[in-house]
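Enquirer: Quick paste from TrEMBL:
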{"type": "ACT_SITE", "residues": "D99", "note": "active site, proton acceptor"}
{"type": "ACT_SITE", "residues": "D273", "note": "active site, nucleophile"}
{"type": "BINDING", "residues": "D99, S100, G101, G102, F103, D153, Q196, G223", "note": "substrate binding site"}
{"type": "BINDING", "residues": "C311, C313, C316, H341", "note": "Zn(2+) binding site"}
{"type": "COMPBIAS", "residues": "397-417", "note": "compositional bias 'Basic and acidic residues'"}
{"type": "DOMAIN", "residues": "20-374", "note": "domain 'tRNA-guanine(15) transglycosylase-like'"}
{"type": "REGION", "residues": "254-260", "note": "region 'RNA binding'"}
{"type": "REGION", "residues": "278-282", "note": "region 'RNA binding'"}
{"type": "REGION", "residues": "394-427", "note": "region 'Disordered'"}
Amino acid sequence: MGPSQIPPLTYKVVAECSVSKARAGLMTLRHSEVNTPVFMPVGTQGTLKGIVPDQLIELNCQILLGNTYHLGLRPGIETLKKAGGLHKFMGWPRAILTDSGGFQMVSLLQLAEIDERGVNFRSPFDNSQCMLTPEHSIQIQNAIGADIMMQLDDVVKTTTTGPRVEEAMERTIRWVDRCIEAHARDDEQSLFPIVQGGLDVPLRQRCVSALMERQVRGFAVGGLSGGESKHDFWRMVDVCTGYLPKDKPRYLMGVGFAADLVVCVALGIDMFDCVFPTRTARFGCALVDSGQLNLKQPKYKLDMEPIDKDCDCSTCKRYTRSYLHHIATNESVSSSLLSIHNVAYQLRLMRSMREAIQRDEFPKFVADFMARHFKEEPVPAWIREALSAVNIQLPADLERSDDQDQKPETEKRRETEDAADEQVASS
């Protein structure tokens, strides 16, 4: 079988948890094999902030994410075509997944107008107009050469209610057909449709049913992790994985907090992405099982321990918390050193989950992780409920007496950091 006859994506379930919906799989793409569940670091414009491709390979990162909207603006289609695609342009030999630009409908809504044709954006760089249609999104992604591409979807905030939610879901289904029709490299790149429907269970079910009628190699779950309650969040994930086919990969877009990753793997998700690990590094924070270490705090001034003695990343091998405290947010290299560790942490967490699934010890892994992660506080009610829905019961001493349906501190912190990050970017 010649290269052109080899499917651009194959997926095999290697092991399944006998209790929950968690599974370990092997996804084979043109540029690399990818073990799932997998976390994909985000390189918005063809680079992870503070990390070069060789360092990612040293961390055994198998796949990363690029952003179609931003890459379409800079460097643009012609440059990407002349370079031979994003892999060659950025010097990355392994797999790439690209989003479609649809999320920018929410994040840049003040710059966008949406109708049946597509999304009309005003560039944040030079104020020029750009119409991003389903066809144009695919044209950009074909030029990028990503192993996995996303359809352009109609994205609304998760807290939106009323007829706009159904309108967006139905439009997403219509747009996927336009994306499939425009896709010029189906023998090399795989196109994933995106399940929409807000927080409405029947709409999610209808969307999954319609998308499964299309000949595609995997599915994405979109429109979540955008401000909705955690109780609504996990239920929508559970609904989607309950209807999506078992023989194709499932990608949950924009999720990256450690506890969320563990819960959503239990609910049957295979792929994740988020800017969180590298973004929080720029604020001097390091990821550990108990949450985050804010290395700017004075208590680390004389701490000669590594961030995590069990981590084998280059940062933990060579540098102390004291040194990182000294340079955190003051020297640009601190962002790089902490980003390396944070990405290493995410990848190690996913590897640990894969291994636990393969040993059929995933429920024990979950209980042990939650005990470490919530060492200073009870496990939130939404996590207990989500895990219970897939037959994982946490020990009684990890339970929480209240049922607060609020955003975790990590999400509040992310919102603060996002606002600060945008302010820095614009200055």
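The backbone N, Cα and C atoms fix where each Cβ goes, glycine too.
A TrEMBL annotation is a machine prediction, not a hand-curated record.
Provide an account of the burial state, proximal residues and distances for the features listed.
Expert: Annotation for D99 (active site, proton acceptor): same-chain Cβ neighbours under 8 Å, separated by at least 6 residues, are L65, G66, N67, T68, Y69, M150, M253.
With a cut-off of 8 Å between CB atoms and residues at least 6 apart in sequence, the same chain places F39, M40, P41, V42, L65, L97, Y251, M253, G254, V255, G256 near D273 (active site, nucleophile), listed in sequence order.
Around G101 (substrate binding site), taking its Cβ as the centre, 29 other Cβ atoms fall within 10 Å, counting all chains.
Counting every protein chain shown, the Cβ of H341 (Zn(2+) binding site) has 27 other Cβ atoms within 10 Å.
Confidence over the domain 'tRNA-guanine(15) transglycosylase-like' (20-374), given as mean pLDDT on the 0 to 100 scale, stands at 94.
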Enquirer: What is the interatomic distance between the Cα atoms of G102 (substrate binding site) and C311 (Zn(2+) binding site), given in whole Å?
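Expert: On Cα coordinates alone, these residues lie 36 Å apart.
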Enquirer: Under 8 Å between C-beta atoms and at least six apart in sequence, can you list the same-chain neighbours of C313 (Zn(2+) binding site), or say none if there are none?
Expert: L59, I340, H341, A344, Y345
Enquirer: Quick one: pull the CA-CA distance for S100 (substrate binding site) versus C316 (Zn(2+) binding site), whole Å only.
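Expert: Just about 36 Å between their Cα atoms.
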Enquirer: Let me spell it out: for each of the binding-site residues (S100, C316), count the other Cβ atoms within 10 Å of that residue's Cβ, using every protein chain shown. Which one has the most?
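Expert: Selected residue: S100.
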Enquirer: For the region 'RNA binding' (254-260), jot down how many residues DSSP puts in helix, in strand and in coil.
Expert: 3 helix, 0 strand, 4 coil
Enquirer: Residue counts in helix (H, G, I), strand (E, B) and coil for the region 'RNA binding' (278-282), per DSSP?
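Expert: Tallied per class, the region 'RNA binding' (278-282) gives 4 helix, 0 strand, 1 coil.
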Enquirer: Measuring Cα to Cα, how far is C316 (Zn(2+) binding site) from F103 (substrate binding site) in Å?
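Expert: Pair distance, Cα basis, whole Å: 35 Å.
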